[in-house]
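Visitor: I'd like to ask you about the structure that follows.
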């Protein structure tokens, strides 16, 4: 199970995604933990079984157990937070004075370098489409001294994984419908 299997699963019309997936795994802008944590958290955020299985297997070979669990934790807590904060954002500030009341302890104590965890939360928030969370995590990353190039590379990784997941679902759906 691997990125190579995902590339092979992509249909011809998704050739750009295949090339981008190959390129992102060779990035020099992200260190290994940043890259594979971003890929794993993004794969979890897509809710695509095949993408998560393939990325998860390769990430398990690369990441420490702590980083592996933290990346999945980022995807989980952001699934909750992205819905909450995106939903509250639709309400024109009428609920901004109320306490969220949601447990999110992993954000304060992720078990890995805080900036890496924030990077994974940023990537997942982009996939889940929460502008407030994307902006908040980007601000935290910049305050921590993370470069714009590193942040953009994580965004690219999230975009590629999201596109791969969609292309695979589209291909599988059309194959079973025809």
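Note: Cβ is positioned from N, Cα and C throughout, glycine not excepted.
Annotation source Swiss-Prot lists active site, proton donor at 130, citing sequence analysis. If you look up Swiss-Prot, you'll see 130-133 marked as disulfide bond. What Swiss-Prot records for 133 is active site, cysteine sulfenic acid (-SOH) intermediate.
Map the listed features onto the structure and describe their local environment.
Guide: Under the three-state DSSP scheme, residue 130 (active site, proton donor) falls in the coil class. Close to residue 130 (active site, proton donor) in the fold, though at least 6 residues off in sequence, lie 78, 81, 82, 83, 85, 86, 89, each with a CB less than 8 Å from its CB.
Sequence-distant neighbours of residue 133 (disulfide bond) (same chain, six or more apart, CB under 8 Å from its CB) are 78, 81, 82, 85, 86, 121, 122, 125, listed in sequence order.
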